[in-house]
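Engineer: My questions will all concern the structure given below.
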Ligand SMILES: C[S@@+](CC[C@H](N)C(=O)[O-])C[C@H]1O[C@@H](n2cnc3c(N)ncnc32)[C@H](O)[C@@H]1O
C-alpha cells in the first residue's frame with residue numbers, strides 16, 4: 001500500500017513496481033518446478049539440499065538461471081515456512097509459493113497476475129491484508145513451538161525473535177586461511193585484487209568473510225589448500241582447544257575434518273593429531289582435504305562407536321581432545337532451513353543421550369591437566385550447557401575454564417562469558433556453543 005502511494009506521488013503510477021515485479025517474476029515453467037520440488041522437500045524425509053541436487057540431476061534440461069531461481073525460491077520458502085503457512089492457511093506448495101512471492105518478495109497482485117490460476121487472485125488478495133503482528137512468538141520467529149518453548153528457559157522474547165529472524169538470512173561465506181601456506185593478509189589482498197568483496201572476520205584471526213556466494217571451490221587458492229570454507233564460529237573452537245606443537249591431540253568427532261585441518265595448522269603440522277569418526281564416508285572426504293592442506297601430522301581413525309576397543313588402549317594418552325558432537329544443527333538454520341522442521345523433540349532426546357556418552361568416553365583419553373573442548377552447532381540448552389553441567393557433576397576431576405579467558409589469552413576480544421555462545425543475531429556466525437574443561441593435574 002505504502003509503495004503504491006509513493007509511486008503515484010512521483011507521477012508514474014506503478015511504473016517502478018511493475019518493473020521490479022517483472023524482474024522478480026519466475027516463469028510459469030520455473031514455478032511448476034518449484035511446486036514439484038517443494039512437494040518432495042516438505043515431506044522432510046531427506047535434507048533439502050540432497051533433494052535439490054537429485055532434482056537437478058533428473059532434470060538436466062534446466063539452465064543455470066532456472067536452477068538459481070528454483071533453489072532460491074525453495075530455500076526462501078523453507079526460511080519463512082511458518083509465516084507463509086500462517087498467511088496462506090495451507091502447507092500445500094502452490095499457496096505457499098504465492099504467499100512467498102507476494103509477502104516475502106513483495107510482488108504485487110498485478111505483478112503476479114500472469115502466473116495465477118482461477119480463484120488464486122482472491123487467495124493472494126486475502127494474504128495481502130493479513131499481518132503477523134498478533135501471531136504467537138513461534139510464528140514471528142519462524143521456529144517450531146517446541147524449539148521456542150526450550151529457548152524460553154534461557155532467553156527472553158526479544159532475543160528469541162532476533163535469533164529467529166537472523167536465522168532467516170542466508171549465511172555469508174566464511175573462509176579459513178591455512179596459515180601453513182599463507183598469511184590472512186596475503187590471501188585477503190589477492191582475493192580483493194580479483195574484485196571479490198572480502199573482509200577479515202572480526203574474531204577469528206585466520207578467517208575471511210566474502211559477500212555473496214562466489215564459487216570458491218575451483219579457485220586456485222582453494223585447490224592449493226590455502227583456503228577452506230569454514231564458519232567463523234567453527235574456527236573459534238580451534239582457538240579454545242589451542243593445541244601446540246609436539247602434543248598428542250584427538251578430534252573425537254572429526255567427520256570430514258573441517259576442525260581437524262585447523263587444529264593441524266595450529267600445531268604447525270607437528271605432534272600427532274588423531275581424527276576419529278564412526279563414518280567411513282565422512283573420513284574419506286577428509287583425505288583429499290588433507291592432501292591439499294599439506295599437513296603430515298594427522299591420523300584418521302575409523303571407530304565403531306565411542307566404546308571402540310582402540311580407544312580403551314589410548315586412555316590417558318592425550319593432551320587435548322575436541323568433541324565436536326553430533327547435534328541437531330539448529331544453529332545452522334541460515335544454511336539448512338529445513339532442519340527446523342526435520343528435528344523433533346524425540347530426535348533431540350536421542351542426540352543428547354549420545355552427546356553425554358561421547359563426552360564421557362572422550363574425557364577418558366585425557367592425561368591429567370589435559371584439556372577437553374565440547375562443542376555443538378545447536379542453540380538448544382539441553383544439547384549445550386545441560387550436557388556440560390551433567391558431565392561436571394559426574395566427573396569432579398574436571399573443571400570448567402571460562403572460554404572468554406582462554407580467548408583473551410590469544411588476544412581474541414570476544415566475551416560471551418564462561419561458555420562460548422555465538423548467535424547469528426549478535427556475531428554474524430552460525431549459532432554455536434563450546435565449553436572448555438580441564439582435568440585436574
Ligand atoms: C558435527 S559433526 C563433525 C563435524 C566436523 N568436526 C567438522 O568440523 O567438519 C559430528 C560427527 O560425529 C560423528 N559421530 C557420531 N557418533 C559418533 C561416535 N559415537 N563417536 C565418534 N564420532 C561420532 C559423525 O559421524 C559426525 O561426523
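Here the Cβ of each residue, glycine as well, is placed from N, Cα and C on the backbone.
Nobody curates TrEMBL annotations by hand; they come from automatic prediction.
So TrEMBL lists these for the protein:
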{"type": "COMPBIAS", "residues": "1-13", "note": "compositional bias 'Basic residues'"}
{"type": "REGION", "residues": "1-26", "note": "region 'Disordered'"}
{"type": "COMPBIAS", "residues": "14-25", "note": "compositional bias 'Basic and acidic residues'"}
{"type": "DOMAIN", "residues": "163-440", "note": "domain 'SAM-dependent MTase RsmB/NOP-type'"}
{"type": "BINDING", "residues": "277, 305, 324", "note": "S-adenosyl-L-methionine binding site"}
{"type": "ACT_SITE", "residues": "377", "note": "active site, nucleophile"}
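Could you place the listed features in the three-dimensional structure?
Structural biologist: Over the domain 'SAM-dependent MTase RsmB/NOP-type' (163-440) the predicted model carries a mean pLDDT of 97.
A strand conformation is recorded for residue 324 (S-adenosyl-L-methionine binding site) in the three-state DSSP classification.
Its Cβ taken as reference, residue 377 (active site, nucleophile) is surrounded by 26 other Cβ atoms within 10 Å in the chains shown.
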Engineer: Could you state the CA-to-CA distance between residue 277 (S-adenosyl-L-methionine binding site) and residue 377 (active site, nucleophile) to the nearest Å?
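Structural biologist: Checking the Cα atoms of residue 277 (S-adenosyl-L-methionine binding site) and residue 377 (active site, nucleophile) gives a distance of 17 Å.
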Engineer: For the binding-site residues 305, 324, which one has the sparsest Cβ surroundings, going by other Cβ atoms within 10 Å?
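Structural biologist: Output over binding-site residues 305, 324: least Cβ neighbours within 10 Å is 305.
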Engineer: Which value in Å gives the longest Cα to Cα span across the S-adenosyl-L-methionine site residues 277, 305, 324 as recorded?
Structural biologist: 15
